[in-house]
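Asks: What follows is a structure written as structure tokens; I'll ask about it next.
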Amino acid sequence: MGRRPARRYRYCKNKPYPKSRFCRGVPDAKIRIFDLGRKKAKVDEFPLCGHMVSDEYEQLSSEALEAARICANKYMVKSCGKDGFHIRVRLHPFHVIRINKMLSCAGADRLQTGMRGAFGKPQGTVARVHIGQVIMSIRTKLQNKEHVIEALRRAKFKFPGRQKIHISKKWGFTKFNADEFEDMVAEKRLIPDGCGVKYIPNRGPLDKWRALHS
């Protein structure tokens, strides 16, 4: 018996069932890489950010996440170059799905017990996604806006249900508004730190604040 189609595992019916010492023998997830492109680009290089947002409460298989990642990456490399973007998959497949294998050969009724002891063995992993949760994000330069929308639109076809494409008002992968970001950096309220930023609050020892602004 082959793999069941993923539509059998689309809906979130049971509680989360992660890999643990009670749930052993779980096959590895198909998706192993969650960040692609120019991961080490500084925060000020890629101000534009686009999100793919789920519109349903459902389960997405690790195979679907991997297929969407490859699809978006291939299009962005072709249109923006391999150093012109940074893709981040925001879901991780931690929920284990099970299968109660049934024999379909002759004399199967003598070998198996039907629905007695039907808990099932681990078959694969899925990610549970809520309404409004971000599935995938891409940050890039402002002139690549149309390419980001097209890459996410193509990746949408790898998932069941409905997803929305949203161009963020934030700067890159940070939580600060794009129209205020550069002013906050100039005032030293934000310090660039890799692909993120450190926020410097107005509270704390005065000598630290003076040393920063001297």
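Placed from the backbone N, Cα and C atoms, the Cβ positions cover glycine too.
Keep in mind that this is a model prediction, so the values were computed, not measured.
Taken from Swiss-Prot, the feature SUMO2 cross-link covers K175, and the record attributes it to similarity to another entry. If you look up Swiss-Prot, you'll see K188 marked as ubiquitin cross-link, on the strength of similarity to another entry. The citrulline annotation in Swiss-Prot covers R32, and the record cites similarity to another entry as its basis.
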Asks: Do you know offhand how many angstrom separate K175 (SUMO2 cross-link) and K188 (ubiquitin cross-link) by C-alpha?
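Replies: Cα of K175 (SUMO2 cross-link) to Cα of K188 (ubiquitin cross-link) measures 16 Å after rounding.
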Asks: Within 10 Å of the Cβ of K188 (ubiquitin cross-link), how many other Cβ atoms can you find? Include all protein chains, please.
Replies: 11
Asks: Near the Cβ of K175 (SUMO2 cross-link), how many other Cβ atoms are there if near means within 10 Å?
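Replies: Excluding its own Cβ, K175 (SUMO2 cross-link) sees 10 Cβ atoms within 10 Å.
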Asks: Can you grab the distance from the residue listed as 'citrulline' over to the residue listed as 'ubiquitin cross-link'? Cα atoms, rounded to a whole Å.
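Replies: That separation, Cα to Cα, works out to 37 Å.
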